[in-house]
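Visitor: This is the structure, below, for whatever I ask next.
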Amino acid sequence: MTTDTTEPAAREKDASPGAEQPQGATRSERLTSLAQQHGALVALLVMVLVASLSFDSFLTGDNLENMAVSSAFLAVVALGMTFVIITGGIDLSVGYVFALGGVLAAWGSQYGTLVALILPLAVCGLIGLVNGLLIARARLAPFIVTLAAMLLARGVLLSVTDEGSTTYLVDKDAFFARLGQEKLLGIGLPVWITVALFGLGALVLRRSRFGQYVYAVGGNEDAAALMGAPVARTKIAVYTLSGLCAGLAGALNAAWLMSGVTILGTGMELEAISAVVIGGTLLTGGFGFISGSLVGVLLLKVIQNVINQIGSLDSAYQQVVSGAFLALVVIAQTWLGRRRRML
Amino acid sequence: MTELTLRRSELDRARVLRLLQDYGVYAGVAVLILVNVVLTPNFVSGENFRTQAVQVAPVMIVALGMALAIGSQGIDLSVGSVMALSTSLLSLYLGYGPWIAVLVAVIGGMVIGLANGSLIAFIGVQPIVATLALMVAGRGLALVLLPQLKDVRDPGMATLGSGSVLGIPYLVLIAVALAIAVAFVVRRTTFGRQLLAIGDSRPAAQLAGLPVRRVLIIVYVVSGALAAVAGVIATARLTASDPTSLGTLMELSAITAVVVGGTPLSGGRVRIGGTVAGAVLIQLLTATLIKHDLPPSWTQIAQAVVIVAAVYAARERGKR
């Protein structure tokens, strides 16, 4: 995608009279796009290095495993969010859809693993589908539709759990619980599932026609429509995908915790959006990549872990740091984006 | 002939939609009041009206700032966190007297608004993202300052929370005064004109030589200040500071009030009367459902449906 956007810019540059050395321009262009793509990875490596030097308990197996599993659920939510944001949209409903998925999975687990997986996927996918239809067909603003969907999901969650007073538990001998508890090569199953989903997501985004449509719709909707891309269908698909991802993450989380906790998921939409943006995906759409979102999630979780390690610091500092971090990344991206356009 | 009739029916449809959007919210409020007068026992009492008005005051004040932000083609998602920050600052500085504490709380809100406005006006960050960042950071900051719920026992705050003049609570008077002030600014001042011009088209406003950056920064500072005032009012009414839960989902209620009131999300138009009516409508809807023993979950589902319906109606008009 990088080459797609830089090439025309470079050509314009060459054509314009009185321009600087094209050689220099391309190099700073390359630097700009490098910073945009790998800035988060560098920050993650630096954070990990600093953390492992400062805290003996950071690089222990237990701590790493803990971080990996707790990242897994957010990562799956962020995966769906990445598709949505690349089309230039946003999905604010994922936090409560995640919680709803967990509650439905825990409730359904008494009827077998199949119900525990299919019920949350069906309901959460349906919420995503309705979001997509309202956004693509009725042309309503994504943030307001998904805010309303967030309320809807919360309302459904409350009515399923007798206004939040019932917590459904997953029987620990059930196959469904093993999905969250079992380990493969010493690493929890949720982590493996997440890795597999990210591989699949990256493949779809990079190599499939649908992936190309996602970029095209986010880059320029009108141009995409003129090219013959199915704009409405692509949008409906990404919001449905986001609903499915959030529901699945909720179900996996319920299997891991062995209960459908009703108060989870608050603020998760913000974490997921932060992770995607920190990973280099532009909120204006048309540019982004799956691997960046994974790096973004890991970075947020490492920051959280470090703040927990310091101990004397209240966990509220984590929110301050993530908010400030998000602001910094967005400032940097806006600046880099403007530079690209000017070059 | 047929073409002419077609056009006429189209015109009629446009007019109906326009009327619906301009006055639908008032009709909605009237219908809800009528339904309650008939169905709800003890609805027509001074006490009940006072309760409803006091409950709606914070949402209304936040919605005023939100209306300005939306009118400038922006949005302010940080309002709930600003309320939390305001209640934290208020209870921390109450030792210096209520006036100082309120002043500090409002300044805190203005600082958050200044940060929002600077990100949006100078750096060119999308409003939704800039205010999202401050939403996360603001709530964190509020919790860092005041980690848990704290009772507020101050005679000044108690008077503010439960006192009244001629039977009208102070809180309601403050909300109404602020609404009138904001409506005046939007309708009668240069700033109001500039705001609407920027909301219509920022590039055009820029080319026309309007002080775009200054106006945008003032909009978000005012929105922050109003949210802080709402935080103070909510604290006075609850006689406690609770930075964990105060103002959660407030951005949603405020946006709903503004949109239901007929202000389009596409900017360039601000309707303060409609916004006030929108806040009252949501309050009445919630109160009606609760009075008839419907669970809170239903209220949230109903609110979701109202939001989507209002935005849908606004869309129809926006196209014409």
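Placement of Cβ uses the backbone N, Cα and C atoms for every residue, glycine included.
TrEMBL feature annotations, pasted as is:
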REGION    A:1-29  region 'Disordered'
TRANSMEM  A:40-60  transmembrane segment
TRANSMEM  A:72-99  transmembrane segment
TRANSMEM  A:111-133  transmembrane segment
TRANSMEM  A:140-160  transmembrane segment
TRANSMEM  A:184-205  transmembrane segment
TRANSMEM  A:236-256  transmembrane segment
TRANSMEM  A:276-300  transmembrane segment
TRANSMEM  A:320-337  transmembrane segment
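Let's see these features in context: how buried, what's close, how far.
Guide: Within the chain carrying the transmembrane segment (A:111-133), a Cβ under 8 angstroms from the stretch's Cβ atoms is held by residues 91, 93, 97, 100-102, 104-105, 142, 145-146, 149, 152-153, 156, 170, 174-176, 179, 235-244, 246-248, 250-251, 254-255, all 6 or more beyond its ends.
Nonlocal intrachain contacts for the transmembrane segment (A:140-160), taken as residues 6+ away from its ends with a CB within less than 8 angstroms of a stretch CB, comprise 84, 89-93, 95-97, 99-100, 103-104, 107, 123, 127, 130-131, 134, 239, 262, 269.
Note on the transmembrane segment (A:236-256): residues 69, 72-74, 76-77, 79-81, 83-84, 86-87, 89, 91, 93-94, 97-106, 109, 116-117, 120-121, 123-129, 131-133, 135-137, 146, 170, 176-181, 188, 190, 193, 197, 210, 214, 264-265 of its chain, located 6 or more positions outside it, place their CB under 8 angstroms from a CB of the stretch.
Distant neighbours of the transmembrane segment (A:276-300): 1, 5, 36-41, 43-44, 47, 67, 71, 74-75, 78-79, 81-82, 85-90, 198, 201-202, 205, 215, 217-220, 322, 325-326, 329-330, 333, 337; these residues of the same chain sit at least 6 beyond its ends, with a Cβ under 8 Å from one of its Cβ atoms.
With a threshold of 8 Å between CB atoms, the same-chain residues lying at least 6 positions outside the transmembrane segment (A:320-337) that come near it are 32, 35-36, 39-40, 271, 274, 277-278, 280, 282-284, 300, 303, 307.
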